[in-house]
Structures are given as C-alpha cells and as structure tokens.
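Chemist: My questions all concern the structure below.
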Amino acid sequence: MLQFLASFYFNLSGLILCPLLGSIILSVIPDSRIRLIRGIGLCTSLITFLYSLFFWIQFDNSTAKFQFVETIRWLPYPNIHFYIGIDGISLFFVVLTTFLIPICILVGWSSIKSYKREYMIAFLICESFMIAVFCMLDLLLFYVFFESVLIPMLGPIPYSPIIIGVWGSRQRKIQAAYQFFLYTLLGSVFMLLAILFILSQTGSTDLQILLTTEFSERRQILLWIAFFASFSVKVPMIPFHIWLPEAHVEAPTAGSVILAGILLKLGTYGFLRFSIPMFPEATLYFTPFVYALSVIAIIYTSLTTIRQIDLKKIIAYSSVAHMNFVTIGMFSLNIQGIEGSILLMLSHGLVSSALFLCVGALYDRHKTRLVKYYGGLVSTMPMFSTIFLFFTLANMSLPGTSSFIGEFLILVGAFQRNSLVATLAALGMILGAAYSLWLYNRVIFGNFKPKFLQKFSDLNRREVLIFLPFVVGIIWMGVYPEVFLECMHTSIGNLVQHGKFD
Amino acid sequence: MIYGFTGVTNFEELAKIFTGYKITLFGAQSSGIFMGILFIVVGFLFKITAVPFHMWAPDVYEGSPTLVTSFFSIAPKISILANMVRVFIYSFYDPTWQQLFFFCSIASMILGALAAMAQNKVKRLLTYSSIGHVGYLFIGFSCGTIEGIQSLLIGVFIYVLMTINVFAIVLALRQNRFKYIADLGALAKTNPILAITLSITMFSYAGIPPLAGFCSKFYLFFAALGCGAYLLALIGVVTSVISCFYYIRFVKIMYFDTPKTWILYKPMDREKSLLLAITLFFITFFFLYPSPFFLVTHQMALSLCL
C-alpha cells in the first residue's frame, strides 16, 4: 500500500497551496457558523501536516541534493523563478511548521471570542508563507516570503492579529508591534540591497548557481554583513533582541507559539542556508564576532531572566538564550555543531512552544502573568504541574530530552573550535537550570496565595491533548534522535565540505 | 532658447545634434543651450513636485477638492515622466543631468519620508508620500539604463494604481468631512472592509513584500545597483523603512484609536467600490504573476531608447 502511495506525485507547491486553499474556503463562510469555521481550519491544518509527513517518508537520506524540486516561472528576464526544493536541513523545519499550526488553531478554540474567521485565515496564510520560506531556493523570493510573514503576524490588526490587536493584552501592544515590525524591516532592507547587488553582478538568484560562484573576500564580507543585519534581528542576537520579550508579552498564546516555534528559526535557517554556504571566507572571518555576541547573549539573558516577574518574559528571554546557543553551534562549522544546532532548533520549537502553551493555560484561567500571584498550584492543578515539570526539565536540557542532545552536540562541536566559548556556553546551561527551576518552584510549589486567586481548574481534555504530541516529540528526539539525524547527515556533510571548513 | 540656438525642436534632430556634444557648465560653445535645457529640466521638476521644487504641492493638494487632487497627483506624473524620458534619454542624453536627477531623487526621498511624519491632515500626508514616491521613481530615471527606464515604467504604473486606491478611499469618506487623520479612528469597527483595503494599500506604499509596491521598489533598487548608483539605493532603502513608520501609523489609528466623535459612514457608490476592488486585487496579486507586465515594460523601454 505504501508502494501505491509512493507512486503518487508529491508536490511541494501543493504543500504550500494547501493552507491557502483552506483560507480561501474560509473566507466565503459567514462569521456566525463558528463550528464550521473551526472545523475547516483544523482539518486544513491537519491535512497539511499529514502531507508534510509524506515528504519525510519519501525523503532520500543518501543524497545531499535538493529533492522534490520544482520551478515555476516568475520573471524570465532577471532569471528569478519560484524554485522550490527540500534537503536534509529544511525538511524538519517544514514538518515543525505544519505540526505547530494545528496546535495553534486548537489553542484558540475557545479563547478567541471575536473575529474567529479572520484569525483562522491569518494563521493559514502565515503557515503557507512559512512553508514557502523553508522550501524556497531562490534568494529574492526567499527574502519576499521571509518578510511577508510580517503581515499576517502584524497586519490587518484586528483581523489577524496574531500579535496585536483585539487579542493582545495591554496598551503597550502597539509599541511592541512597532518595534517588532521596524526592527525586522530595517535589518532586512539591507539584505534586500545585498540580494539585488548579487543579482546585478552575477545575473541570477538561484541558490544552486550562487553556491558555485566565488565572490572576492572583500565583497563576501560586505554581503555577509548585510545578510547578518537581517538574520541577526530574527535570531535574535544582542543587541537586537529587545523586540522579542515585548512581542511575546503582548501576543496571545497562539501568537507566542508561532513566534517562538517558527519565526525565530527563520533567522538561523537563513544563516545556515545562505550566509554560511555562499560566503565561506566571510563566515570564517566573522566567526569570533558571532561567538562573542552569542556568548554575551546567553549569559546576559540567562542572568536577566532570573530577575523577571512576568511569566512570558521569562520564557521569551530563555528563548533568546537557546537561539544564541544555536548560533554558537552553527558557527562552529563542523558536522556535530551544525547537527546539534538544527536539533536544538527543532527541540526549542517544541519546548518553548509547549512552555508558552502552559503559560497560556494559566493566563486563560487567571488573566495574569505575574509570578507573584501564583503559588502552590500543585495541589489544585496536579496534571498541569506534571506537564509543566516535564517541559521545564526539557527547557533545562535534562538528559533524555531533545534539548540535551542538541546542546550536547553543540558543545562538542564548539569545543573543537574554541574551548573558552564552549565553557562559557556551558555556564549558560547552568544558569538555565537556575531560572527554570526557580520559576517552577515559585509557581507550583510553596503556599497558596488565596488573596489573589480563588478559583482553580485543572487542564481540560483539549489542553491535555494539545500537550501530548509535544511530550511525545521531545521524548522521541531525546531518546532516539538518530531518526531525525539520519536525514540531516548527508546535507550537513555536504555543507561543511562545500565551504572547506574541515 | 533651444530653438534659438539649435534651430530645431524635433526630438530626433536634437538627438543627432547632441550626440558627442559635451555640455558642461564651463566648456560649452553655446552655454545658451545649457541654460535652455536647464530651464526645461526645472520646469519639468516643478510640475512633478520633485524636491527642491515641491513647495507648491502640499498646500495645493490640501486645498483643492479631493477629485481635483486625485487627478493631478496621478496624471501629470505619468505624462511628465514620459515626457522627461523622451527628452532626456532620447535627445539630451548627458551625464550632467544625471547628477541633478540624483540629487533631486535623494532629496525627494528624504523629504517625503521625514516631512510626512509630522502631518496630521490626510491630504498633506498623501502629498508628502507622493513626493517620496517620485523620489523613488527618479532613482529609476536617473540611471540611464534600459533597466532604469523599465523600472520607472513599472513604478509609475503601480504608483498610479495605489494612488487611485487611496484617493478613492478618501473620496468615499468625503461626505463626513474627512480632513484629519484622526478622523479615521476606529474605521475597523464601522467599516472593516474599507479598513483592510486601506491597510493593504498603505503596506504596499511602504514597500512590504509580497505586495505590488514591493515589486516596484525592488526593481527600482535593482536598476540603481545595476548602474552603480549605490548611494541612491542605500538612501532609498533607509527612507523606505522610515516612511514605513507613518504608514503603519495609519493602520494603528484605524484599528486602535477611538475618535472624539464617532462618525457614521455612508456606504459608497457602486463605481467607487468597483474601482477599489480592482485596484486592491491588482495590488495584492500582482506578485504572483508579474512577468507579462515586466515583459511589456521591457519592450516599451527598449523602444523608447533605441
């Protein structure tokens, strides 16, 4: 039966179009038929998820070439086309994206009171843009989709407000929106200039052609800086990280999940796919710089986290720390480091999203995110405490969870390059344990605070079922990561060899 | 004056006379020709509201009835840009003018971006945003390459569509004396489709992918980089981001602020809504299939210059 399915013609463009079709269907349904809207939204996202799983099954591990490649003509004269394909590096990001979107839709099941239809449409459009980002092998169109994710996240604000608007929570939401938008845009326009420069000098933006062109070292350095401007804002690296805690705090739960789960990966994916292979000499030139920034970021954000009082900000800052771990791993430029960074990215996608879901569950019940109002939740919400414990331990990189594998591989890779950086990064791990455990302690154990909270309810069935896939994913990646790593080996080996980094 | 010094006003004849004829400030045998051309340039720049000849624009745009404003923010630009392309690329092709156009373009972009931030009347803000846009179009124009002309043509077309869209919206709200930007407040709750149309148009003005405004801007910057005008592209890009600030402010006001008096909007007539729908459709979906349009403008640019 699998043979029969394998003979089907699996199309990447179909994967990108599937959520768009769902959103078009949704746009003609009136706002009053809520159950139908929710049903269609959920079904579309689940179908997309299953569709992406087919790509994983069909994926051929033995070659580093791009698979399921398709070309759709866009602009013939400057040679820019929709050139789509997957290789070992991007495969899992696509799967992660399609995995997280149904979760987000489920999260908004009962907590979104108004503009339900626009919420769904925005998520589905956002999903298709994000899948397009990870599949796109043409530089300019990658940039286009990289930036177009901004609009559904911010865009028609009340309609899709994944970040702000009717579903956001405070007056500072506008400030957060501005910051998010302008930071990202300013960084990216420099990348646009660099891409256009490459286009005018080499005549093409096709990645496979650009991988074989040699830029002179000075030019590589300039182009690398321009690309860095854009990617480092998304990662986020110090000192461009300020938008992240603000954006997370103001966003509704599902928005935070998407933001932490996928948008942060766009920056590091860009580094991995474009900066490192196309500009190898510049990468080597800038590696100490990136190391310095990342180590400062890890230690600084971990220390800052300890002092935070807002639950979401704590997790947001810990996201920053994890993503900077990822950049240390990537710029160690050996197979262990890069594999570790991808695995940590995937695991961070699961763990941070799950943590934001936990916080979202608390927020839904008590409408506050300040830690001081919570305490002693273990007696009233035991299921929640167990699940929250699991994800806190995963955030801390406990062995047995996926983030441990990721961080371990990164440290192995980084140690080979520069032992001081690896030591300092490991310090970051210790600090991570500090704030995670302290947060858990304050919220779950200890005494009740009956002055603040009087009513309690444990997780309902929908919420437990949302958390279950995350638990399964984290344990699977932590106990037997080879399933994931085997798809990446060839592609990453090719990358390292291509830049002559070994 | 040109006629006086050369004896012809035919474009082709002028082109033949001026090939190989270096017109510099000090060297020309006939500085009269230089002055003549300079006067022509300045005249054109006045009409197109480029900096530094843009002084009349904000007041006039604001004071005229909106119908008139929408006409003369669109039509003269098209006609004069076409005319300039004819005159300066075909007849008077010379690097001296290029520097002047560079300067005008940079100044227009910077002024358009910065001045619009302080405005709180709608039409003045649209004026400054159109001045800024003329600056971008001038980028395409001032590098004298085929790609430059092509990008200019694409930019003009998309600018026309966006401006039609914006002015149609302003006209639609005109019955209620729509003067200040703050009057737009809470448009999202009273008229959500109009609000979303205006937001998409504003995002397109700002040059955010994947809307049509981004396509025009990227091609303009591509032309600039292709002919080596790096400073132009850099300033263009930075002013793009600066102007994005006040475009988003539109969106913010519509969705977040409450006006002092809630204005009830009457529904607009059928032709306007059709016009808005067509231009909005084009702005949103231009990105998916731009290639026939690019091919046509490429041919147009080639025929104009060769």
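Every residue gets a Cβ built from N, Cα and C, even glycine.
Keep in mind it's a predicted model, so treat the numbers as computed, not measured.
The annotation domain 'NADH:quinone oxidoreductase/Mrp antiporter transmembrane' is assigned in TrEMBL to A:138-426. According to TrEMBL, the feature transmembrane segment maps to A:6-29, A:36-57, A:80-109, A:121-143, A:149-168, A:180-201, A:221-244, A:256-276, A:315-335, A:341-363, A:418-441, A:462-480 (among others).
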Chemist: Between the transmembrane segment (A:221-244) and the transmembrane segment (A:36-57), are there at least three Cβ pairs closer than 8 Å, leaving out pairs fewer than 6 positions apart?
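Modeler: Between the transmembrane segment (A:36-57) and the transmembrane segment (A:221-244), which are separate recorded stretches, there is no contact, as judged by 3 or more close Cβ pairs.
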Chemist: Given a Cβ distance threshold of under 8 angstroms, which distant residues of the chain, six or more beyond its ends, lie next to the transmembrane segment (A:36-57)?
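Modeler: Distant Cβ neighbours of the transmembrane segment (A:36-57) are 2, 5, 10, 12, 14-15, 18-19, 21-23, 25-26, 29, 68, 86, 91, 94-95, 97-99, 101-102, 105-106, 109, 116-117, 120, 123-124, 127, 131, 487.
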Chemist: Counting Cβ pairs under 8 Å that are 6 or more apart in sequence, does the total for the transmembrane segment (A:256-276) and the transmembrane segment (A:418-441) reach three or more?
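Modeler: Per Cβ check, the transmembrane segment (A:256-276) does not touch the transmembrane segment (A:418-441).
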Chemist: Using Cβ atoms and a strict cutoff of less than 8 Å, what residues sit near the transmembrane segment (A:180-201) while being 6 or more residues removed from its termini?
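Modeler: Distal contacts: 78, 80, 139-140, 143, 146-147, 150, 153-154, 163, 210, 222-223, 225-227, 229-234, 240, 242-243, 246-247.
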Chemist: Who are the long-range neighbours of the transmembrane segment (A:80-109) in its own chain, taking Cβ under 8 Å and residues 6 or more past its ends?
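Modeler: Same-chain contacts beyond the ends: 12-13, 15-16, 19, 38, 41-42, 45-46, 48-49, 51-53, 55-56, 59, 61, 64-74, 116, 119-120, 123-124, 127, 130-132, 134-138, 140-141, 199, 205-207, 252-254, 257-258, 261-262, 265, 269, 272-273, 342, 345-346, 349-350, 353, 357, 360, 462, 465-466, 469-470, 473, 484, 487-492, 495.
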